[in-house]
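**Q** One structure coming up, written as structure tokens, with questions to follow.
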């Protein structure tokens, strides 16, 4: 008998307000835009929706305001199949929102700049999270980001760690991480800029090639602080995973035109977590995550662009790749899991 992996996402809801232009304005400059739209997002919600669209059983823990944006984001996540029973409302705070500037030059991949106003996301309290002390063991993985407070992230990571539940932290937006959080992490997934912020080690590129010694050094510095495995996304160079077994590098999926890179990192992390819960090997997890993220950047808006499992499978088949069985966790007849949470 098999069941879907159960992932708990403790994180943010953010309504993205996207202004498109052919050129970013300089200081003091006004430019004409080419389009505007709103789309539900937020790192936590994006990662939760991506994992759900790839077949995981996802529960969200977070907070929204009592406003129209909150209603729309709640509805979008519910329609994606996410359990929203543990999402609270704060009448004193607005729902999180973001201003996204999207530069679209003809013949070039789009670039973005983002300002996030966290709103209700930052008002989660330890008292509101305390119920998880009794239920955290029900989940196969805890997924965190930094659009909720560091105090809550640390509390939940410690809780999961004590109960043998693997923890993934996506350290974005970039911020210093306390030692008591780092030592509880199974996975830390920064992009190359966040890795440099956390370690002081810049990751250099030489043409189209990334300097692998920089990647190894940055990952090593983070592992020396207690992180088990470090997963660094490298933009067009792909992604690298460093753990006790060595360093694994997976190239970016080629031939995809980037329309909007806003949720690429969230998509990658959500897909990697599904692969981890399914017990796939490192190469399979990385390839799956890279192809999922590639499809994400080909669409406009964060949550609307997150692909389904069928689309990812189709793209990988086109590239001559096959993903493993996504029925996921095997359960013996007596109810004992064959899969273990060491991952």
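Every residue, even glycine, has its Cβ placed from backbone N, Cα and C.
Predicted, not measured: the structure shown is a model, and the values here were computed from it.
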**Q** Looking at the ATP binding annotation from TrEMBL, with 233, 234, 235, 236, 237, 238, 265, 266, 290 already listed, which candidate in 191, 211 is the matching residue?
**A** 191
**Q** Given that TrEMBL lists 14, 15, 16, 42, 43, 44, 45, 46, 266 as binding substrate, which residue among 138, 147 does it place in the same site?
**A** 147
**Q** Which whole-number value in Å describes the distance between the Cα atoms of residue 16 (substrate binding site) and residue 260 (K(+) binding site)?
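**A** Just about 12 Å between their Cα atoms.
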**Q** Roughly how many Å lie between the Cα atoms of residue 305 (K(+) binding site) and residue 234 (ATP binding site), rounded to a whole value?
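**A** Answer for this pair: 20 Å between alpha carbons.
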**Q** Starting from the Cβ centroid of 260, 262, 296, 299, 301, 305, which together make up the recorded K(+) site, report each further residue of the same chain whose Cβ lies within 8 Å of that point, ordered by sequence.
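**A** Nearby residues not in the site list: 39, 259, 261, 263, 264, 297, 298, 300, 302, 304, 306.
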**Q** Once the chains shown are all counted, how many other Cβ atoms turn up within 10 Å of the Cβ of residue 234 (ATP binding site)?
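**A** By my count, 20.
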**Q** In sequence order, which same-chain residues at least six apart have a C-beta under 8 angstroms from residue 45 (substrate binding site)?
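**A** Within the chain, residue 45 (substrate binding site) has Cβ neighbours under 8 Å at 9, 11, 12, 13, 14, 60, 62, 73, 76, 77, 303.
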**Q** Other residues with Cβ within 8 Å of the Cβ centroid of 14, 15, 16, 42, 43, 44, 45, 46, 147, 266 at the substrate site?
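**A** The answer, listed by sequence position, is 11, 12, 13, 40, 41, 96, 98, 263, 302, 303.
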**Q** How many other Cβ atoms are found within 10 Å of the Cβ atom of residue 43 (substrate binding site), counting all protein chains shown?
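**A** Taking every protein chain into account, the count is 30.
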